[in-house]
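Student: One structure coming up, written as structure tokens, with questions to follow.
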Amino acid sequence: MPKVVKQEGEDPDPTPYLFVSLEQKRIDQTKPYDAKKACWVPDEKEGYLLGEIKSTKGDIVTVSLPGGEERNVKKDLVGQVNPPKFEKVEDMADLTYLNEASVLHNLKQRYYCKLIYDKNFKKDQLQQVNPPKYEKAEDMSNLTYLNDASVLHNLKQRYYHKLIYTYSGLFCVAINPYKRYPVYTNRCAQIYRGKRRNEVPPHIFAISDGAYVNMLTNHENQSMLITGESGAGKTENTKKVIAYFATVGASTKKKEDETTKKGNLEDQVVQTNPVLEAFGNAKTVRNDNSSRFGKFIRIHFGPAGKLAGADIETYLLEKARVISQQTLERSYHIFYQMMSGAVETLKPMCLLTDRVEDYHFVAQGKTTIPGVDDAEELLFTDGKTSIPGVDDGEEMLVTDGKVTIPNVDDGEEMTLTDQAFDVLGFTQEEKDNIYKITAAVMHMGGMKFKQRGREEQAEADGTVEGERVARLLGVDAQDLYKNLLKPRIKVGNEFVTQGRNKDQVTYSVGAMSKAMFDRLFKWLVKKCNETLDTKQKRQHFIGVLDIAGFEIFDYNGFEQLCINFTNEKLQQFFNHHMFVLEQEEYKKEGINWAFIDFGMDLLACIELIEKYNGFEQLCINFTNEKLQQFFNHHMFVLEQEEYKTEGIVWTFIDFGMDLLACIHLLEKPMGILSILEEESMFPKATDKTFEEKLRNNHLGKSPNFQKPKPPKPGQVEAHFAIVHYAGTVAYNLSGWLEKNKDPLNDTVVDQFKKASNKLLVEIFADHPGQSGGADTGGGKGGRGKKGGGFATVSSSYKEQLNNLMTTLKSTQPHFVRCIIPNELKQAGVIDSHLVMHQLTCNGVLEGIRICRKGFPNRMVYPDFKLRYMILAPKTMTEEKDPKTAASKCLEEVFFRAGVLGQMEELRDERLGKIISWMQAWIRGYLTRKEYKKLQDQRLALQVVQRNLRKYLQLRTWPWWKLWQKVKPLLNVTRVEDEMKKLEEKAAKAQEAFEKEEKMRKELEVVASKLKEEKAALLAQLEGEKGSLSEQAERMAKLNAQRADLETQLNVSITVSFQHAFLSEISSKS
């Protein structure tokens, strides 16, 4: 999808790209429609054509097509057409007839209308054409006839009318418009903030806001899985989602630091995108801004729903692209941004020329994209210039791999990247070292070597580029060449030098270049995570997953296997969630439900890979396989399991979406990855032995493992093929063992660990080198010890992927399906077969069917009672036990598609009536209170007026004048009487005062006498205390004398007794 550009002025109106106009609706819904005759007919070019049934003879139907052509087709190939009201429907789950033709038509129509997002659908397949009122329906689950033709027709019509969003049941489909529409502005974001899905047209913001609201209301972590094939627009949608969460979770008060360029948390979360894109995205044949790594971004929120931090986890950067690219492809954007010259001091500092062609590692494919200026890309990273505004209404045209973007070029992108470094808090030294290491990788591509005569020893063929590399990295050039040409190896307990031939040295330079860039990328991610870790209190998170899309190239390597395996895993998760768990939930809840097998299990393929195009393609495809399985499991399995759990009568449906066969082929014991691990342990293993072992274990034994087709002229021969959910991919396993072991020249690593470039030392700090010890450093992903061996690329990747799947299973997932409309990257063109293939592989049609057949919404009974008892308060019992109260379910209340939305509307209507009644009562009370106040004022005014009138009448009456003169005289007599009374009171008071005064003096005399007596008593008491102490001393002395005397007496008695005893003895003797 096109990039977001900076804009000046007011946001343009996004409504033409979100809604079908009333005029267009009128046109669509007045089209002629006959439900019995209108039908869809398969067509090789368009996928399906709209026709009219003329006659039926047995199983053969004669259909009249546009232009007068008539065809005889089998009856079971004819699909029903939805009514015109479903034209360009936003949610394809609303389609009356859900079939492939209806889905494809709906996507096409929305795409042509620039509505790129479509939500998925669920309804049993019927064979009828929908009425005109469903033309361009927003929700395809509402279509009267839900079939392939109806869905395709609806999508087509919406696409042609710039409506690129369409609801389709439980998830969202986004069609890449290959144009820039003003549907991601702040003005557009405000339309969706806090709104329910049925209140606004389909959009990625609606899905994002739903996840945010679910997190706050359900107190559960959420995840958004944005998947699709390469070039479908996943990365751009991910950026929009992150920006939306940064907006809704932004703090009301922003702290601005005027002394530095470092931004606030919301800005930092958004500004990670330019950095990661510069170092992790590249132009491929199918996508001009393809993510060559996977990332899982967790946006953390506090208890109040405010942004509390974020962290990023990345998966398997495609290192091979650093040193080699295919035709019409580029290496990573940062190389071309640096060559743009947007930062004036950059080229001299990095010793770069003005020609990209001078650097072999980044000039093997198409090195320039018309209309993209690398200079401006670098400037945005460095923060030294601003970007001119670009109107969101301007379109980006993409044709034949060439990109023309008005006012956007690699120079602007460099600007964005460099400014992003400033916002994220990178120091100038760190930025300089980043650019130096990146430039060193480019220079290493120019290091040439030649064979020395007949010896098995290489030597340098010129040292200019090597000296530049050494200068940028802060190492000695002579030692660098020495370590490359004659590295030290350990033999027994001693180190010896070993000569290397030209091929070995060239491979070693390439391996070091890839390792440097890979570790630099991981250090950037680590640095971003440190910046985004605010130490604020975190409660829940929303994870956004963006992984490389499913890839099928002419040459597919190890990276493609890993990417496709991941997508297989995610698709299996989706299938299990949608088709299996959903049906099991029905049975658990006691719903009468017959289990349906949708045929979407991917385990065979996943196990094939885990038992374990080239190595890169295998990893990419494996990743996609994993994600697709996650999607399938979530959408098709968990949903049905929920019905069973709640006791809903439900027959389990097998949608045929299980990918486990493919996944097990890759990852289970004796799978492809396991065999690759095993072969990597044997020193004498070769690509040939690896191929033979794969064929012996899987050829003819696993249906997902097949022989590849013979190569076309000019293509590289493949060694085996895997049947993935998205198609059969032929893989070339050349170099897989070396890529998996990822060996490095330990002697050069030791030299790097002592370099003057601090960043280079840090990113290699965890590599043991030849010393055998590893410090804890920033760069990860190097060779490390694991149970006496070493961790290979595939084992590390499998561990990362399993951790990702564990995290996803602990969240509530929200699925967004990105669709490629055509392979030519042309706006306004839909390849019907390509779209239908993606819809079928991704489980879109099956998702609509289970949505319409099952119960896509559920709610625990206490919440249901609390929320909706307002609709029927008299019928709600006071039963406290939820299970007893919900007699037909165990824990949850299940709703058919659309029922919960209707109940919400009824609840809103009832609340509106109650609120209106309350407002009326309060207004009445306040009005009555104000009226009483006015009445009191009216009575007071009447009294004043009455007295004033009387005064005006009396003031001229003679007797009144006389009374006015006499009245003061009457007061004189009254004053004299009052004075006499006051004088009498004063006399009595004076008498009482004198009496009290006399009494006071007498009491003072008595008090003084008492004080004197008290003083005398105190003196007497003191004297008695003194004599008492003397008596006590005498008593003590007497007691002491008595004790002495008693002691003497006792001694005397004892002595006398002894004398008597002795005398008695002596007398007896």
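Keep in mind that glycine also has a Cβ here, set from the backbone N, Cα and C atoms.
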Student: Of the ranges 111-133, 226-248, 801-823, which one does TrEMBL list as region 'Actin-binding'?
Tutor: 801-823
Student: What is the number of residues in the domain 'Myosin N-terminal SH3-like' (34-83) that are helix, strand and coil, as DSSP sees it?
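Tutor: Helix, strand and coil residues of the domain 'Myosin N-terminal SH3-like' (34-83) number 3 helix, 30 strand, 17 coil.
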Student: When DSSP is mapped onto helix/strand/coil, what comes out for GLU229 (ATP binding site)?
Tutor: strand
Student: Counting Cβ atoms within 10 Å of each candidate's own Cβ, which of the binding-site residues GLY228, GLY231, GLY233 comes out highest?
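Tutor: When each Cβ's neighbours within 10 Å are tallied, GLY233 leads.
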Student: Counting only residues 6+ apart in the same chain, whose Cβ is under 8 Å from the Cβ of ALA232 (ATP binding site)?
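Tutor: Once residues fewer than 6 apart are set aside, ALA232 (ATP binding site) is near ALA174, ASN176, GLY549, CYS818, ILE819, ILE820.
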Student: Among the binding-site residues SER230, THR235, which residue has the largest number of other Cβ atoms within 10 Å of its own Cβ?
Tutor: THR235
Student: If I take every residue in the coiled coil (972-1048) and average their pLDDT values, what number comes out?
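Tutor: Looking only at the coiled coil (972-1048), pLDDT averages out to 87.
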Student: Taking the Cβ of GLU229 (ATP binding site) as the centre, how many other Cβ atoms fall within a 10 Å radius?
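Tutor: GLU229 (ATP binding site): 26 neighbouring Cβ atoms within 10 Å.
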